[in-house]
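Per Swiss-Prot, the feature ATP binding site maps to 561; the stated evidence is sequence analysis. Annotated coiled coil per Swiss-Prot: 889-918, in sequence order, evidence recorded as sequence analysis. Under the heading motif ''HIGH' region', Swiss-Prot lists 47-57. Per Swiss-Prot, motif ''KMSKS' region' is recorded for 558-562.
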């Protein structure tokens, strides 16, 4: 780092990777270890090893890095823990897909150990690239503590957690309804289910009454259903207890079509009496709502499907407790055997029609559950699974949020959390796949369950001799189970480690709203169950939950691989050609039929690929877009704007260094031997006001606002105004003035670099290494420098008032130049009329600044009422600003020029307006095109109004 030179051209590619290596080599990311200082810890949500990081990861990780760098510069003992997640189903499916594409083999061509070996190889490759991406993003994580959810220590923690929960009777094995993926042959979580709306039908079927004892002309009930194939598993028909149409039928029986099974008519408040006919067929083994009703009424459950989604030859009947029974007649005609759901439906409707049991069919809007992993329709299936009794864990978790021990940001997500926590069902934690934590359970030949650390441990504990054959549970644990232990297991639990004592509870978790229940709530529940404070009370996993919105593409669509609109952060940092971008987006697609659509959209959005922007521009963009839980529409134009912002900071720093390096900056000289100009005092005041607001906004996690205030200060106050205001002194000042301005330039730049470092770490480190040689700072890295603090003693409000007045005067003069089409190179004569003594003094004292910035020839004062010929008059506070019109100015020519320009703009407005008034265009054009046309119309209308105003001003001259 000794060769730091601020080159003329800002090229992020040349500086970012060397700087990161410098940070790593210096071990600056690790906790400093001084436990007398306050600790601060963030546990990064571990990315899945299913591929690479996308913009959503970059967004959340940038927010985390801003916080950790900020707290590190505050002197806190900081730990940012990183790691990766094994992502059970998703990873196994991905590797199976890759194997099939490369060899034509499926999982069934491998032993379990062989497939697992392939997945570990993929894990190594994927984790390596994810680590590379994190480093390119500038993440200041403690790499020495990088974890994986299936490493040895984490696996031990998972086993320990399972055993402890089982021994407290909080884990059990039972037969319940789950989301079943017939292709993957496993249960999946609700998060892995996508509900899609589609057009379908609703069938109205006659259910004949059996020996009706009621007085009625009807011999049947009409039942409406969208899934007639599940009629084979009906065990009741339910009506609402207050539905007067069916009140007398409650307690009677009907004969189920096809099976001729005698089933009861029951009443239940869950029935919607206004939906269909008000009669609901109950199939507890294949519908979640029916399952709840069935449990409530003690109904038997009939499983009609095999695990691959085909009709069974012999249906399985279970009592309401999930035990096999033969209490119902369950033989069905052979014509239905081994049919899949669609064909079974067609066959059953055909049979009902032949038996004159089909009343009618109506079109109906349906919501069909699909597997996010395979795209197949999810089948509610009755299977043996492992469960956690979560209701026994919820109260502490609810109280922690209710009492604001844990705070949600934004607050509205607190209500979402409560709505889930108050309606919990037992959590299915087993999966029928090979990749994951093996459930530490064994069975003997009598299906007795033994839970322990290993078979040897179980035999010793239960005094089992070698004649007792034990079989290991084949299922693995749900990925969310191990993830829910993340905050404490990654710090060494179940051992009582120093890291656990120092850094737990952690300070903040940053996550998306879609996993508040699947991850956040479960982390809170399990952490508060396992981890206790010194006084024995339950310990929380984190103090704050910061919820981010989703990053959507510029059309507002969710970014996903299937849509082909995911953007790799590295492609934004380094750039990518259109050819390579297309290859990346269409490689290893699970749905290759979408490739043409993806190619067309990509070429339309990025015809020339993506230009390199560097990490700092990406980070600043992400922070600027971080607006309190709202979804983010990615904007390449804003990215380009913030790349320009970094470039402006770079060149402003070069300007400062050119005028301060090897110059007398008065760094070690008494303040009395320096003369600070009005501009110096003003910029110091504005800087400290910015620092004050920065701290306040970061405390409430308004990242978008801290980006905005930094952009405003650096671009407009520091670069546009202060650097210009210093030039008269830098070029014509005396020794004291020069010393004061140079001192302000270099010390303010150094402070400004520290203020912006958490957001744009690379460019600030690069410049700071050069700046520190001027300021005499002996520090090794800006990362460990103190973060700027607000200092009220340097606030000079008079300087703010004076400079704001000067700025307004300059802007008024510049506006006049535009209105009169006078080149900036032509010096102007200006006159102030009716000026107070205070303002006159302000102008006189700062006439050099005014003349320099506004390009003035002279400034004069005249009294109220004095006529000043051939001038343009503009009000400026309580006085009047008169600008002498140059002899070269031709009023008529200028009016004609403005009119011609106005006519041209008007034709453009008419063309666009005609297009927007065309219904065919509105109905057929993409929304993005319509939006662009409307924006262009607004722009031209704004220009037109300005031209009209300028023309009016000209006529008055």
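Just so it is clear, glycine is given a Cβ too, placed from its N, Cα and C backbone atoms.
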Which residues of the same chain, at least 6 past either end of the motif ''HIGH' region' (47-57), have a Cβ under 8 Å from a Cβ in it?
84-87, 90-91, 94, 122-123, 126-127, 129-130, 133-134, 137, 512, 550-551, 559, 561, 566-569, 572, 622, 634
Using DSSP, how many residues of the motif ''HIGH' region' (47-57) fall into helix, strand and coil, respectively?
3 helix, 1 strand, 7 coil
For the motif ''KMSKS' region' (558-562), what's the model's average pLDDT?
74
Taking 10 A as the limit, how many CB atoms besides its own sit near the CB of the residue listed as 'ATP binding site'?
18
Helix, strand, coil: count each for the residues of the motif ''KMSKS' region' (558-562), based on DSSP.
0 helix, 1 strand, 4 coil
